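A quick write-up on the structure given underneath.
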Amino acid sequence: MQSEIPVVSFICAALVLVPLPCHLRARNIATVSIIAWLFVVNVIYAIDAIVWSNNSRIIAPVWCDITSTLITGVHIALPAACLCICIHLEQIASFSQVATPVAKRRRIIFESLMCFGLPLVYIALHFIVQSHRFDVFEGFGCRPTTFTSIPAIFLVWIPPLFLSLATLVHAGLSWRHFLCRGIQFARCGYGSPLSLTSSHYIRLVVISVAEVVWVLIVISVEMRFKLSSGLEPWTSLSDVHKDFSRVLTFGVQDTSRSTISSLLFSWIATPIESLLFFALFASGNDAVAGYKRCGNWIKHCFSSRQEFDSSSMESHKTPMCSTITFNE
């Protein structure tokens with residue numbers, strides 16, 4: 001087993017949850033979706049590495065069906081969320097959107113569809129070029145499969161690339177608007193505890209660009225590995241799915257070095273994305289303020305609990321004394 005996989009994955013899964021309360025309170029659907037997808041995929045990689053540490057048996061086929069589907073969905077979910085962030089930032093910096101309840105509701109609906117609805121569509125499209133259920137690799141666990149063909153290029157690899165490039169365009173526009181109107185933006189940014197500060201704005205732009213650049217690198221490497229052996233001839237959907245129920249298993253001895261390198265690279269992409277997200281969002285002033293509020297809330301809960309316990313003990317003591325006095 002690659003012993004570092006479960007340890008690193010569980011640590012990264014915990015780290016991405018640290019900024020979650022701040023973004024939940026601000027109703028940032030896109031950033032919450034990034035946290036959710038990274039957390040889920042990190043946990044999947046960790047559990048898979050433990051369960052299939054020294055074997056490649058088909059132990060939990062239903063689990064593999066679900067997890068391989070989620071691993072497929074994250075390929076489009078992260079660039080879609082980053083695109084939503086940059087679109088919103090560009091609208092804020094250009095002052096083209098008025099913060100009305102209707103506009104906020106529309107933004108929540110749009111980001112929810114992009115971050116959770118679009119991955120479902122992408123997963124359905126991936127099914128077209130999915131030649132069999134999944135593969136099982138010793139030391140790594142279950143992984144989705146793709147029939148390397150011309151339709152796969154357009155259905156699997158082009159959509160994340162397109163969203164990543166669109167994110168970079170909107171990030172450039174949002175940065176340009178921010179530089180041109182930075183002073184005015186700074187004056188408008190501190191209206192409330194949930195308002196978008198300049199430092200938070202910059203971190204959102206940086207994390208979006210960093211995430212999609214890394215996505216571009218990952219997709220390019222995966223395409224190079226998949227296409228290195230050439231494209232499979234596409235005849236018909238029925239031919240591709242003629243033996244769809246089969247599961248291929250690969251022990252360590254049956255797996256080539258290039259395949260192991262590809263699996264390791266695909267895995268390490270998620271911890272790197274998680275650490276980027278944590279580094280940019282867990283150390284800002286707004287995050288520190290959120291930690292203080294959480295600490296105060298926990299302290300308040302404990303103090304309230306202690307007051308409740310002491311008052312309940314006093315209430316129990318008082319009837320006993322009155323009863324004794326009454327008997328006398």
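Each Cβ is built from the backbone N, Cα and C atoms, and glycine gets one as well.
Database features (TrEMBL):
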type: TRANSMEM; residues: 6-22; note: transmembrane segment
type: TRANSMEM; residues: 29-52; note: transmembrane segment
type: TRANSMEM; residues: 58-87; note: transmembrane segment
type: TRANSMEM; residues: 108-129; note: transmembrane segment
type: TRANSMEM; residues: 149-173; note: transmembrane segment
type: TRANSMEM; residues: 201-221; note: transmembrane segment
type: TRANSMEM; residues: 264-283; note: transmembrane segment
Could you give the residue numbers and ranges of same-chain residues that sit at least 6 residues beyond the transmembrane segment (149-173) on either side and whose C-beta is under 8 angstroms from one of its C-beta atoms? 75-76, 79-80, 82-83, 86-87, 89-90, 94, 122, 125-126, 128-129, 205, 208-209, 212-213, 215-216, 219, 222-223, 231-234
Pairs 6 or more apart in sequence, C-beta under 8 angstroms, 3 or more of them: is that satisfied by the transmembrane segment (6-22) and the transmembrane segment (108-129)? no
